[in-house]
Every structure is written in C-alpha cells, then in structure tokens.
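Now, the feature entries from Swiss-Prot:
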type     : residues                            : note
BINDING  : 30-33, 51, 87-91, 415, 479-481, 495 : ATP binding site
COMPBIAS : 534-546                             : compositional bias 'Gly residues'
REGION   : 526-546                             : region 'Disordered'
C-alpha cells in the first residue's frame, strides 16, 4: 500500500478551499445571459466550447491531491444538481463557494464548525420552505417556453421548440434530442405508440415512395413465441380474410414457411399482412406486448393465459385506426383500447418507476408510460459546424430537463431574485447559540451570490444592483440581458423552483462537510524511479573483420 500524507486542521481546509475556488472560478464565468464560454481540450478532435457549468466542472482534475479533494467535492454539487433537476449547476457551484468562503472565516476565528453547520442547515430548510411558498405552477405553453429559453442561455427558439413538443406529446411524453441534418432546428412528432422493430421482409412494403407498409383499420395479433408453422396461423388468417381487413402480426419471430406464406398472400393481394418481431427482451418483452394489447384492446396469445394460436378468434385481436411499419420502426396510431384500461396500466407502470432501483430500468419504464400516455417527439438540432452542434445539443438537453422540473414543482422569478426574496423572509431567523446564528448569516450572504455573479458577468457593479433588488418586492429584479429593472416573471426570466431548491440544498450539504473537515488523507506523489544505466554492449565480433 502506498504511503499517505495526513494533513490536519487549517492546513487541510485551506488547501481544499483552494481547490474549491479554482473549480468554482472556472464554472461561475458561465452564469447568466452575459456569461462567457469555457473552452475544453479534447484528446482527439477539436476543442469543445461550452456554457454548461457541469460540463466544465467534470473536466477539472487538479495536480495537488488536497486541492483536488476540494474541487471534487464541489464537482459533486454540480453533478447532483444536474442529476436531480437537470439544470442550476452553476448556481449550485456559486452558492457552495460562497458558503465555504464565508464559513472558513468563522472557523478560523474559533467558532464551532458543527454549530455553524447546524445554523446553515436551519437557514437552508427555512429558505426552501419560503421558495415553495413563492412558487407558482407552470402550466401554459408561454411559461414552458420561457423556462426553456432561459435555461438554454436566452435562446428563445429552443424554448419555443420544447414548448411545441410538450404541447404535442403531453407533459408525460418522451422528448428526445438528436443531431439534425440541416442548419435549422426541426421537430418530428410521432403520435401513438412507436417501437423499434420493423418489417421482417421487404415484400410487405405497400408504399414504395416512403418504403413503409401502411395498414388502415387493421387487426393486431400478439404472440409471445416464435411462429414457424403456417398451420398454427390458418384459423385466425381465415377469420381476418373473411372480415376483409389487414393484419399485423407481432411475435417473438415469424420464420420459415409461415413467413413465406404470408409474403406470397401479400404479393397476390389475397390477404394484406405484415409481420414484425416483438420489441424488447425477456420480461420487458412480455410487459411491452401487454402494453400493446391494452393500447389496441386485444389480448396476448400466450400459454400462460391459456390461449393458443389455433384457438385464437377475432375477439382476442387488437385493433387500430392505422399502423405504419418501416424498416426499423412500427407506429400504432389510435389504438382501439379502452381509455380506462390504458389509464390503469399507466398508473401501474408509474408505481414501478417509484420502486425502480437502476436508472436504466427507470428510463425504460418512463418510455413505456410516454408511449401509452402520449407519443414521442424528436427535436433535431441544426447547426453549421460539429462544435456548434455539440454545444447547442447540450443546451437543448439542459433546457428540456429544466422545463420538466418547472412542470413538476412550478416556477419562481429568475436571475437570482427568488433567493433574494427568500432571504428577506428568513432574515429574522435565530439559532440556539451565537455560532448557529453565524451559520444562518453565512447562508443569508450566500443567497446574494448568484445575483452578484450574474451582474459581475454582465460588467456592472454587483453591490448597487443587489441593494436595489433587495429594496424591491415580489418579482421585481434586474434583467442582466437588457440591463433594466423589471418584473422578472412578466419579462419571462423564470427559473424552475426545483432547480433553485436543489442548488441551495446540495451546495449547503457539501459546503457543510468541508467546513467540518479536520483532517485530510492523500497519497504521497510517487517519486520517479531513476533511469536504468547505459545501453548494453553489442554482441562480440559485431563489425569486426573476420
């Protein structure tokens, strides 16, 4: 085991605070509408230009072990805030730096760090309650667009795209972000349920222009096993043919003579059918087949339910208004399922989301909810160069997270104003002793810091603006983009409550840990081993005349 360096007291804390400051100073230049860019080196390809706080934080790794510990702790603040709320990473970093900086002064003057932390926690809890009180619900398209625009660094086109996407697929719908092919942003909306399986044979295509198979008013047969024997399918095919409607078969696989017969019937125009593989794998496949059954008002033909293909009737088949099957995707539009059953299924899947332990499972379950409840929207980000595309895509993803957070917990005035208002409301708070009161003071000072930084990045005098905003009431604040004092909500400068709340809580949590640290253990740097001696001599006789 390598030898360790153990550092105590102020020496440990001061080194860690140096690391905190290095990271926070690099991150905080990006805050606000007039924040600057940070350029990140890449081991291959061109550098990345970003205004995203968490992207900057993640790149920072310091040479000094103790400084690096401090930097990594604050990096945790940014990552946690990004994971929970999707935005507010720079605000969280600025708050953490301020709490650490102010707190260190009190610790150095001999105050009890544990009491300081209790005071900090008390003030944060009161501030969070106050933020919840002043929060207002975010329901209209205009408000959603405003949140998206602010989060995407005052880019209103991104906010409008996100609001449009949410309007089309609902608040629960899946919205994904992809690289576009043109200079302009585009929005593709898939209504109904789409899953990533296409036709099993190109002979099923009946729309050569789009290279898709379109079925109008079809029946849907769902089966959880492979189908290779056409005899199994004959009874149900005859019933569908009599009804004179097309058929979509979704099974684990359709192969051999079964697939060949379906293709021949399709080409001859005897029976319009398309076969696709069932989506997902294992238990997830069963669950998704069940979802499709509920959406189309059918039943999965499975041994577990006592059904076999030979005994299947039209009553067991699902129905839809229209189904499009492409090379890689199948879209079911307007399934015939009962709304009550679909709602019950959505509730059931939501309950599973609450209990899910892994992020992957949670993401897949959320996709299922969206497919059942609304649809899928894809925002295709357009840009002139790849570097710009990456930067813009990151901003769109941030804005998307922020709008979801706003819909969830509501919005407050942006630009650091909400924290100033919450600060005024808790200014009279007192702790159990003088040290706790000092902890409360630390938080009250830190809550000014985001506004100070926004103003500083805009090139104005921070103290003057903070005093003017603090003297105002309600949503009155400073719009750094225009340099005017306005009603922030009316001007469209809003933040999701969840983002502001999470930033404050995470910043206080990590800063409190730093202040109460009294020893740090780090590996000693390895000394470089001396180079081995000169090159060994050549073989005897080399280069000699024989």
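Cβ atoms are placed via backbone N, Cα and C, with glycine included.
Of all the binding-site residues given, namely 30, 32, 88, 90, 495, the one with the smallest number of surrounding CB atoms inside 10 A is 30. The secondary structure of residue 51 (ATP binding site), as reduced to three states from DSSP, is coil rather than helix or strand. The least crowded of the binding-site residues 415, 480, judged by other CB atoms within 10 A of its own CB, is 480. The Cβ of residue 51 (ATP binding site) lies under 8 Å from the Cβ of 30, 35, 36, 37, 38, 153, 391, 395, each of these being in the same chain and 6 or more residues away along the sequence. According to DSSP, residue 495 (ATP binding site) sits within a strand segment.
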